[in-house]
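As given in TrEMBL:
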DOMAIN    54-364  domain 'Glycoside hydrolase 35 catalytic'
ACT_SITE  GLU201  active site, proton donor
ACT_SITE  GLU275  active site, nucleophile
DOMAIN    423-524  domain 'Beta-galactosidase 1-like first all-beta'
DOMAIN    549-608  domain 'Beta-galactosidase galactose-binding'
Amino acid sequence: MLVSRVKNHAIRQHRVLLSLVVLGFLIWRSSSRVRVTDMPAVRVEGLNANSSRFTLNGEPIRILGGSMHYFRVPRAYWSDRMVKMKACGLNTVTTYVPWNLHEPERGAFKFHGQLELEAFINEAARVGLWVILRPGPYICAEWDLGGLPSWLLRDKNMKLRTTYPGFTAAVNSYLDKLIPRVVPLQYMKGGPIIAFQVENEYGSYGNDSQYMSFIKEALVSRGIEELLVTSDNRQGLHRGGLKGVLKTINLQKIHPEVLRQLEAAQPDRPMMVMEYWSGWFDVWGGLHHVFEADEMVPVIAELLSQGMSINLYMFHGGTNFGFMGGALGNQPYRPMITSYDYDAPLSEAGDYTPKYHRLRTLFRGYQSDNLPMMPKSQQKKPYKAVTVFQHLSLWEALVYLEKPHHSLRPVNMENLPVNNGNGQAYGYTLYETAITSGGTLNSKNNVRDKALVFVDKVFIGVLDYKTLELAVPDGKGERILSLLVENCGRVNFGKDLNNQRKGLVGDIVLNNTPLRNFNIFSLDMKPDFIERLQSTKQWKSVPKMLTYPAFFQGKLWVSGYPADTFIRLSGWSKGVVFINGQNLGRYWSIGPQQTLYLPGPWLKRGVNQIIVFEEQEADVSIQFTDTHDLGMTIDV
């Protein structure tokens, strides 16, 4: 009897608790005041650009958009960022689609988890945002190879972004998988997608007169029915565009002659800035670019006063997780940092900025309804510093890689016989060969992009774009020369896209004699390799005299609900950080970026495993802070 009363009491307590949880959720939902867009019962017409103003379903509409890339933002935060966009007064979200993530190996497609594009688009609809989709296949975006998969470069004759048969065949195969996923999400089929962009800034790149028509037909023939647009910057506007497709412009400051040129090219059609650059990207060794709100907001206000639609690139930049950052190719070569904060209205971690508040005030004047309430930002925690306690040298870790490829001559990353015949896309490649003398080692400028050079595992120097020669010390007998070559990021914009093969792309010579007979290890640091490292029993206690390159391991204890944080690696030189198997990206002491963003959803309660790959110099401490540090700043 007593047991029965206790059970009934526990059940009543459980029901009360459950009711309170549900009530609290409903109150939160109500207070957030985020509504699904009032979808018209009957959709007669999609986004129309046949007059000086856009119309949607026959009603005038001004596009107030913001760019956010689903692949740069943890999936758990998609909704949060979109709700903040809606609360700022935006009605549209735009995103690129990165081919190189969705088809990492030829014929092997990924559209799940972090890459579930349909879920991202449906979430936008739930929040009440229209979608402009920019499917490429080239996207720029300061993303490795502009979003094109590196396996395309296995073809020595490849001509990217042209009607070269090898390229168009690959594009067709990719779009056969991508486009059917988004066709049902078009506006006229009940979805939120109101427009599609054809390629990206082709006016600044190509002269293949048939290419843009090919991309347009590739979309239309697969069922794309909504408005098509092109997007070009000031320099490419006169060469870009496509008959029957709306031209849009990319800019940061108003140049009246450019706006006049756009208007003259398509009179009595809507004017739109597809990319209003809210900030700028950063490169390693540079400064952090900022574009002050006092400069930005008046420009946007002027564009709106002229009746234009606008999309802020970026509204929320996110992060180049892993090895996915691109590079500038014009001399000198400059790779992108891990952060893609972009000095955007929402910071890399999704926090409000002065720009956000100023824009909210401005956009409020273009709304017929009150704006939704602003959600709270995620909590940040300065977790207790972690002391690394285990060490595994690169040389000891080689046994956890695939067997090396033996080759008479150097082979570039993309043409290595790995990853099911798709080559190596990212990370490091180790080239080893025997030498019998010292002397002058010359790269012939065939290192892409940076090589740490060792003789019998002893570091002797770096070869890169600036340093082409090294002195190899004399020694007795046969010794092993090792070059650990890093792909620091493929160029994402400009005329050099076809020349982005990485690793050793040609001969290196010792005393003017080409080296031969290489063992080549692919060190792409994919999740399966990190998993093997985590489970191995070969880790050793951190020695007093550290050796490099090396992997270091530590444990982060999280009590309570995991929160966002930022990792600071003071005293470390250059490398990569993995948390619970997730590649957070590169760190590099040359800056500007001083901390790495660690999203709370990638942590768990209890023990979290940290592995750091360090190239040259390490501290034993990994610090955490609740404040992001992107380094010294410079005005755009």
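Positions of Cβ are set from backbone N, Cα and C atoms, glycine also.
Where the annotation comes from TrEMBL, it is an automatic prediction and has not been curated.
Residues near GLU201 (active site, proton donor) in space but far in sequence (CB under 8 A, at least 6 apart, same chain), listed by position: CYS140, SER231, ASP232, ASN233, GLY236, GLY240, ASN250, PHE493.
Counting only same-chain residues at least 6 apart in sequence, those with a Cβ under 8 Å from the Cβ of the residue listed as 'active site, nucleophile' are SER67, SER231, ASN233, ASN250, LEU251, ASN311, TYR313. Across the range of the domain 'Beta-galactosidase 1-like first all-beta' (423-524), the DSSP-based residue counts are 3 helix, 51 strand, 48 coil. Per DSSP, the secondary structure of the domain 'Beta-galactosidase galactose-binding' (549-608) breaks down as 3 helix, 34 strand, 23 coil.
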